[in-house]
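Comments concern the structure below.
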Amino acid sequence: MNSKGDAMPLEETSVDWRGRPCKLNKHGGMTSAVFVLGLQAFEMMAIAAVGNNLITYVFNDMHFPLSKSANIVTNFIGTVFLLSLLGGFLSDSYLGSFWTMFIFGFVELSGFILLAVQAHVPQLRPPKCNMMLKGSQCEEAKGYKSLIFFVALYLVALGSGSLKPNIISHGADQFRKNDSKQSKTLSTYFNAAYFAFCMGELIALTVLVWVQTHSGMDVGFGVSAAAMAVGMISLISGTIVYRNTPPRGSIFTPVAQVFVAAFTKRKQICPSNTGMLHGSQNNVPNHVFAKSPNTINLLHTEKIRFLDKACIKIQDARESPWRLCTVAQVEQVKIIISVIPIFACTIIFNTILAQLQTFSVQQGSAMNTRITRSFHIPPASLQSIPYILLIFVVPLYETVFVPIARKFTGRDSGISPLQRVGIGLFIATFSMVSAAMVEKRRRHAALHLNETLSIFWIAPQFLIFGLSEMFTAVGLIEFFYKQSLEGMQSFLTAMTYCSYSFGFYLSSLLVSLVNKITSSSSNGGWLSDNDLNKDKLDLFYWLLAALSLINFFNYLFCSKWYSYNPSLSPTQPQVQSYRRENPENHSFDPSKQIEVDNIVP
């Protein structure tokens with residue numbers, strides 16, 4: 001009750017921690033999202049400190065060969081992001097985002113603790129040995145030592161992967177899409193989430209990596225565990241002010257129903273008047289995919305018309321949900337299919353990221369790391385360089401670029417998510433160009449001039465990629481979240497992280513293929529030796545640069561083909577105007593009525 005004794009306004013689609021309808025002036029907003037951003041920063045701090053310096057631990061302490069160590073790291077990080085699909089599914093279907101984060105946050109914490117214990121107890125690791133010495137026969141971790149390591153590592157992967165999509169979606173759920181002011185703040189939230197990500201990465205790559213280098217990996221893993229614990233405290237502290245979206249049951253069942261119904265009626269002919277399709281009117285009962293009662297259902301679009309057959313109603317027949325679906329149901333499936341090409345175009349981008357966390361770290365290890373007489377920069381800390389830049393660039397982007405762009409485009413976010421992704425994909429190519437040029441110079445100096453280049457020579461490749469990531473990563477998350485309806489936010493957001501997964505898996509595959517193709521009876525492959533001076537890492541970087549450029553042009557085509565469903569478009573008044581002028585037809589041709597969001601004019 002307010003001061004006048006009137007009941008506070010309630011929101012129908014979200015509930016508080018006790019399952020009661022949310023109060024608009026008590027729950028949600030940026031105040032609630034700050035607690036989620038705290039988890040974002042501290043969880044990223046913990047996982048980044050482990051992931052970005054993991055190759056050093058795997059190579060020097062567990063004694064795996066360099067190429068195998070690189071694959072262990074990329075497979076681990078790939079698994080983290082692949083498991084985000086599990087977290088998204090459990091959240092949307094059964095647990096809700098808060099409880100999914102609560103459960104798997106403690107799973108991740110247990111993995112950090114187990115890693116710290118193994119790194120601290122000598123009996124749980126192979127005997128000390130210098131892997132860089134020629135002819136050294138270091139004992140590789142096997143048996144229970146290897147088992148403990150991989151169990152700990154993949155507990156971290158399971159926990160972190162299941163957390164990631166829910167951190168983004170739960171924070172975004174604190175803002176009401178049908179409120180124009182909060183809708184604008186939502187775009188600000190995505191930039192704030194990336195800022196929190198950058199701060200977590202920066203602290204991990206400077207303070208925590210320094211601790212790992214100078215105090216030992218056991219202390220470093222322990223600090224990661226402590227950071228994760230602080231993140232969980234931040235999450236729990238906001239419990240009473242969160243807006244929670246209740247789970248809607250299995251998100252895959254309605255998708256399967258559309259395909260089954262469309263296949264069953266494959267011989268039917270779609271009606272020319274799409275208003276005859278089942279569920280095309282405004283008064284359609286809410287479905288698992290339908291939005292809240294205060295918003296409109298998905299409008300029919302003309303793409304992938306085969307699926308429309310699932311909406312054809314046979315006269316005088318009572319059909320089950322596996323034979324008859326609504327337009328809203330079909331359109332959501334169309335959205336899922338349509339975003340797959342956009343998703344695929346970001347895989348190469350994340351393959352480049354994998355190199356910066358593996359081979360570029362080893363690159364730095366072969367360079368002069370001295371800053372002063374007594375201080376050496378840990379090679380893994382080079383990855384902090386882009387985040388130092390980005391903690392200044394991200395606020396400038398939000399406060400300067402977005403308002404200026406908004407005046408020209410009329411968009412709350414300044415430019416569309418697809419435009420933002422495209423800019424990032426283009427910039428990423430030059431990261432590998434820089435890496436290839438520097439590596440060729442480094443190897444030439446080491447072999448022919450007997451010189452060791454300064455580690456700061458490889459700083460540009462990190463800076464360029466950091467700038468590209470600011471565009472691509474945030475744009476992709478915003479794109480997937482805004483293209484999802486209630487009941488699928490976490491799962492579609494998880495597709496962003498799934499792109500990271502495929503990128504890191506592709507990296508492992510490329511390393512193996514390149515070694516196999518370039519090896520001969522007398523010489524090993526480009527990346528087959530533990531000594532970078534004998535490898536041809538620069539040629540591998542050039543290969544990635546070429547693949548990245550080809551991928552960018554492919555993205556131009558895919559983004560030109562893609563069009564937003566008008567019901568999810570920010571230009572909502574155009575949809576409503578169209579409906580008023582065309583009451584007899586509830587279908588909508590976005591190519592004619594709404595500007596297609598892509599990076600091609």
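Here the Cβ of each residue, glycine as well, is placed from N, Cα and C on the backbone.
Feature annotations, reproduced from TrEMBL:
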type	residues	note
TRANSMEM	33-52	transmembrane segment
TRANSMEM	72-91	transmembrane segment
TRANSMEM	98-117	transmembrane segment
TRANSMEM	147-168	transmembrane segment
TRANSMEM	189-211	transmembrane segment
TRANSMEM	223-242	transmembrane segment
TRANSMEM	333-353	transmembrane segment
TRANSMEM	385-405	transmembrane segment
TRANSMEM	417-438	transmembrane segment
TRANSMEM	458-481	transmembrane segment
TRANSMEM	502-519	transmembrane segment
TRANSMEM	539-557	transmembrane segment
Determine which recorded stretch among 33-52, 189-211, 333-353, 502-519 has the most C-beta pairs below 8 angstroms with the transmembrane segment (417-438). 333-353
With pairs restricted to those 6 or more apart in sequence, evaluate whether the transmembrane segment (539-557) and the transmembrane segment (458-481) have 3+ C-beta pairs under 8 Å. no
Stretch winning on C-beta pairs under 8 A with the transmembrane segment (98-117) (pool: 72-91, 147-168, 189-211, 223-242, 458-481) is 147-168
Same-chain residues at least 6 beyond the ends of the transmembrane segment (189-211) with CB under 8 Å of its CB atoms are 30, 33, 37-38, 40-49, 52-53, 167-168, 171-172, 174-175, 219-220, 223-224, 227, 378, 380-384, 387-388, 390-391, 394-395, 397-398, 470, 473-474, 477-478, 481
Quick test of the contact rule: Cβ under 8 Å, at least six residues beyond the ends. What residues does that give for the transmembrane segment (385-405)? 187-188, 191-192, 194-195, 198-199, 201-202, 205, 411, 413-415, 459, 462-463, 465-467, 469-470
With pairs closer than 6 in sequence left out, are the transmembrane segment (33-52) and the transmembrane segment (333-353) joined by 3 or more CB pairs under 8 Å? no
